[in-house]
Amino acid sequence: MAIVQQIIFIAALGVTAWLIFQRIGIIGKTIRLGKDEDRTDQPGRRLSIMMRVAFGQKKMFDRPLIGFLHFAVYAGFILINIEVLEIVLDGILGTHRIFAGPLGGFYRILIGFFELLALGVLVSCTIFLIRRSVLKVERFQPARHREMNGWPQLDGKLILVFEIVLMIAILTMNAADSALQNLGSAHYPPAGEFLVSQWLKPLVSGWSENALIAYERIAWWIHILGIFVFAVYLTYSKHLHIALAFPNTYFSRLEPKGEMKNMPEITQEVKIMLGLETQTGDAAVPERFGAKDVADLSWKNLMDAYSCTECGRCTTACPANITGKKLSPRKIMMDTRDRLEDVGRIMLANKGEFVNDNKSLLGDYIIEEEILACTTCNACVQECPVLINPLDIILQLRRHKVMDEAHAPGSWNMMFQNLDTNQAPWKFSPGDRFNWASALADSDAGNNSTQS
Amino acid sequence: MSETAYRVPTMAEMAANNETPEVLFWVGCAGSFDDRYKKVTVAFVKILNSAGVKFAVLGTEESCTGDPARRAGNEFTFQMLAMSNIQVLDMYNVEKIVTACPHCFNTLKNEYPALGGNYEVLHHSEYLQQLIDAGRVRLQGGEVFKGKKITFHDSCYLGRANDVYEAPRHVLEALDADLVEMKRCRTKGLCCGAGGGQMFKEPEPGKKDVNIERIEEALQTGADTIAVACPFCMVMMTDGVKNKEKEQSVKVYDLAELIAQAKGL
């Protein structure tokens, strides 16, 4: 019987590892579709940002209560993995609580600590689930935010239910285990009562040894298979952020937020037009200006998309969204990921090669009205707890719309024309630019400025 | 003040006299052409004069920095303007620039280096703070603003874009007024709605204009003066006040205007 369990376990572990490996492969491949961008300078500063923002979750504590609850889930998730190591070893070797012997009395303390974390995760996830389902937090409501319709809303709740089930399984499993120890059951050597699960023992009091063994085994399997399914599910879900938050913060932008990326491919042409340079040979004309599809964005924009956990802090800070415009920075990130997932599926179906499906990020996922509504205020960039930059994507899409498609609102075209001819966005003569100074000659300058 | 002769030397005049200014005052398009913001330009020039700062302007040799074109996606026009400006600035060996426009400030400071233009660039809030700290601008008495409530509206291109939050507040504190904050301020400050090229087009359909959302918040503070530090914010906040029919009781001023008023300039 034990050997059958071992074989099933090893098979499940193998399938899980294979599935995750496949997913990492395709996610990595789609991220690498993006353009090169060097984000390896200043490693010390980058490491410090990652430690503070991802590891220390600095920005989550902007809202202290939510920050604390989220930290409880995060700490539980990281540390309980040490116990998963024991479970995996037990599963492969057919042992039971393999660490109990070597660790002696410390084992009980360790498991007690994990149980405390598990309780923290259980309580936090329950509160989160209530917040999402009952309290109707505005930024999660599909009625107000169309990008939350369907799967994203379900995804957010599913993961919480998952965690709750896993934590209940581990706590009740320990309670049954402890009861079996009391009965002197052969397979359950004394490891002691644990900090939290001892209070759950009354639930199984009076159960027969066989019933307890059955429950302990079922809970053990639910817990570990749950973790395997969770790990695979994660790669399809918004919860990928638990892994990508680290590289995503490490490779975040270090320049001032106001600085837009330069387009050096245009500089040479401008220099020739201004007579600063003479045409040497045939200048390489870029095939496309700005970004129309995911492959035109940088790899970091694409990693941003996979790192987004759809919390919507960006969208609730966005002035365009607050005032009812179609733009939602969260939707920009979700659309970018949706497009990447679609591209990944096409690649998988065609031996790793992308085959044109006549769709593009701009047009089929994100529409012009959204990107035009942006005030470039950087509120979304400021808000993101994992340093995602939706603005960078918006501006690259705008560049495509305006330069490549030559499609801009009429009043912007007027503005461009004024800039080209008068060097000012309004229709004033460049010769009048210094006229304001004449007001200073008047004694009462403030009330005497000329009307135009 | 009629006896005071204010001087606005140009870089060309300075160069002709073999002189070098301490700082170039970059006026910007709004500061040059917009009737409301020309008053800010004049106020700032008066302050520079009274502080004895040796400054100069480019006059008709100045062009738009290209910010609105770049934000609207037109990189060609941006780079054309930027390169021309860099040529002019380098011709005069300009090293230090001050401007009253956060958009010019951001572009000159952060985006010209990639095109070969490297200057020390300050926003006028930072420069005013330096003048106050150095004792070159003294505000005595403080009768003008005593007991007045002032709220400061953060400009995105000063605040989040460049992390300048404290300089404008230090300048306002020098007025001895009662500085009150809006609910959304500093890193959380709400945009006026004009950045990113929005100044030059109609907003997309929605349920409200951004400046109305912001002015409601500003009015909630009970301030009688809304201080701004950006020509676009000035337009949006002023329109907001008009929309709420509060022009009589609530005034929108730039930092430089408030300092000039306090000094009786």
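Think of each number as a place in line: the chain as shown, counted from 1.
From the backbone N, Cα and C atoms, a Cβ is placed for every residue, glycine too.
Curation does not apply to TrEMBL; its annotations are automatic.
For reference, TrEMBL has these:
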- A:299-330: domain '4Fe-4S ferredoxin-type' (DOMAIN)
- A:363-396: domain '4Fe-4S ferredoxin-type' (DOMAIN)
- A:6-26: transmembrane segment (TRANSMEM)
- A:65-85: transmembrane segment (TRANSMEM)
- A:105-130: transmembrane segment (TRANSMEM)
- A:158-176: transmembrane segment (TRANSMEM)
- A:218-236: transmembrane segment (TRANSMEM)
**Contact between the transmembrane segment (A:218-236) and the transmembrane segment (A:105-130) (at least 3 Cβ pairs under 8 Å, separation 6+)** = no
**Complete:** Per the Cβ filter (under 8 Å) with a sequence gap of at least 6 from its ends, the domain '4Fe-4S ferredoxin-type' (A:299-330) is approached by 27, 30-37, 39, 138-140, 145-148, 152, 155-156, 238-241, 244-245, 247-248, 251, 253, 336-337, 340, 367, 369-371, 373-375, 377, 379-386, 388-394, 396
**Message:** I need to check the long-range neighbours of the transmembrane segment (A:65-85): which residues 6 or more away from its ends have a CB within less than 8 Å of a CB in the stretch?
**Reply:** 57, 111, 113-114, 117-118, 120-121, 123-125, 127-128, 163, 170, 224, 227, 242
**Request:** Kindly report the helix/strand/coil residue split of the domain '4Fe-4S ferredoxin-type' (A:363-396) according to DSSP, in that order.
**Result:** 20 helix, 1 strand, 13 coil
